[in-house]
Amino acid sequence: MNDQVIIFDTTLRDGEQALSASLTVKEKLQIAYALERLGVDVIEAGFPVSSPGDFESVQTIARNIKNSRVCALSRAVEKDIDAAAEALKVAEAFRIHTFISTSTIHVQDKLRRSYDDVVEMGVRAVKHARKYTDDVEFSCEDAGRTPIDNLCRMVEAAINAGARTINIPDTVGYTVPSEFGGIIQTLFNRVPNIDKAIISVHCHDDLGMSVANSIAAVQAGARQVEGTINGIGERAGNCSLEEIAMIIKTRQELLGVRTGINHEEIHRTSKLVSQLCNMPIQANKAIVGANAFSHSSGIHQDGMLKNKNTYEIMTPESIGLKNQALNLTSRSGRAAVKSHMDAMGYKEDEYNLDALYQDFLKLADRKGQVFDYDLEALMHFSNLREEDDYYKLNYLSVQSGSVMATTSIKLLCGDEEKCEAAVGNGPVDALYQCIYRLTGYDIVLDKFDLTAKGEGEDGLGQADIIANYKGRKYHGTGISTDIVEASGQALLHVINSIHRADEIAEMKQKKIATV
């Protein structure tokens with residue numbers, strides 16, 4: 001049996017479903033580039049029929065990603081499959097992933113069909129997808145709770161119809177490893193044409209079993225594992241791909257399989273997904289948590305000093321977590337900044353060096369020494385900004401005491417600079433009152449978070465907000481050594497996104513009116 005395990009990432013599809021606010025096309029493309037660097041075999045970029053935004057995201061990713069196969073999801077419905085193919089056709093090669101529910105509860109209560117109808121729908125969907133590509137994946141939704149006879153029948157029929165990958169999801173995270181591995185083993189034993197397809201698994205983490213179930217499936221013969229970076233996803237999340245990759249690498253002698261993952265990209269990819277998705281990583285998270293390589297016990301520290309292997313089964317360097325290099329200061333030139341970015345593995349086309357250097361100089365003037373983690377934070381924030389931002393903060397002054405705070409700002413609105421001052425319950429409240437008055441947007445703030453992005457009193461602070469405007473949620477981010485300024489940047493990030501969305505909607509209306 002082939003010893004290569006295909007890694008199928010669904011961060012941009014299943015993972016995004018867990019987010020408070022949808023990612024922009026630009027943010028999704030950033031993540032797709034990171035997944036490509038990581039060595040992911042298949043990137044599930046979205047569900048094109050679900051919305052124009054998802055269609056555009058899939059199309060953009062399919063156009064730009066060259067070293068990973070781009071995939072789109074569709075129900076077992078012809079219009080879904082047509083939309084997926086239309087979005088993907090800009091790629092040299094692509095995959096269509098179609099699915100239908102197979103468990104008794106789903107068939108009877110959700111689909112309200114007979115099982116014969118479900119099999120026929122699945123077969124029809126696979127055949128229709130094959131008109132567009134030979135690379136068709138078929139999923140039996142809720143396979144973990146599907147009667148085994150029905151599951152075997154569906155798998156055999158889908159393979160006969162032309163599916164080259166059969167995905168067995170534990171959709172509600174119900175099974176345990178021995179049980180799930182047994183399902184995969186039974187398929188290999190009972191489905192006569194099983195050798196004509198790759199068996200894939202897609203496990204959810206409702207009972208904390210997703211990674212263990214996936215490894216059990218690999219031991220039983222599955223050769224594709226689906227999951228997400230940091231395990232993000234519906235409800236309790238998905239199988240964590242960085243954990244799968246490091247388990248296979250660390251226990252290769254036991255498992256006898258391998259992946260094509262570039263393990264030294266794990267840490268960087270994890271941080272990027274956490275940053276853009278506004279989902280902090282728990283400190284004790286396996287592989288990528290802040291405490292993953294920490295040793296506080298005296299006994300453990302003694303052992304580590306004598307021989308690292310006493311308590312360390314893998315190294316921080318193996319996932320790309322490197323020691324801090326020499327610090328940068330305001331006297332450091334562009335070449336020094338570029339050298340640090342090169343050392344961290346970033347390519348020139350992943351960031352704008354001129355913009356990053358200007359942000360670096362401002363930060364260096366404020367805090368003196370700038371560290372690699374500061375540069376990364378500045379780069380991520382710089383990449384989020386748009387060149388055509390309509391609203392820009394030109395000046396900020398805060399007076400705060402024991403009673404009320406006063407904030408004065410100058411805001412560039414297009415080509416016009418406007419001034420405003422306000423009193424509020426704290427400097428951030430006063431600043432937000434100023435911005436609301438000058439922009440005129442009626443925004444409801446759902447969530448406000450402040451996070452330290454560096455170390456020490458002069459470290460960078462990141463503000464993240466979730467805002468609601470006309471029923472749609474927006475995520476805004478700001479970063480600065482001044483948390484009030486960071487908070488203002490976050491709100492302006494949201495307002496600029498709303499402004500762009502309004503402009504696009506207005507242009508569409510004008511086009512419709514002229515037809």
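Including glycine, each Cβ sits where the backbone N, Cα and C put it.
Copied over from Swiss-Prot:
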- 5-267: domain 'Pyruvate carboxyltransferase' (DOMAIN)
- Asp14, His202, His204, Asn238: Mn(2+) binding site (BINDING)
- 392-515: region 'Regulatory domain' (REGION)
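What Swiss-Prot annotates, mapped onto the structure for a quick look.
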residue : record              : Cβ within 10 Å
Asp14   : Mn(2+) binding site : 23
His202  : Mn(2+) binding site : 29
His204  : Mn(2+) binding site : 25
Asn238  : Mn(2+) binding site : 30
Could you tell me the mean pLDDT over the domain 'Pyruvate carboxyltransferase' (5-267), as a whole number?
97
Summarise the region 'Regulatory domain' (392-515) by DSSP state, stating how many residues are helix, strand and coil.
45 helix, 54 strand, 25 coil
Residues within 8 Å of the Asp14, His202, His204, Asn238 Cβ centre (excluding the Mn(2+) site residues themselves):
Thr10, Pro169, Thr171, Cys203, Asp205, Ser210, Glu226, Gly227, Thr228, Gly233, Glu234, Gly237, Cys239
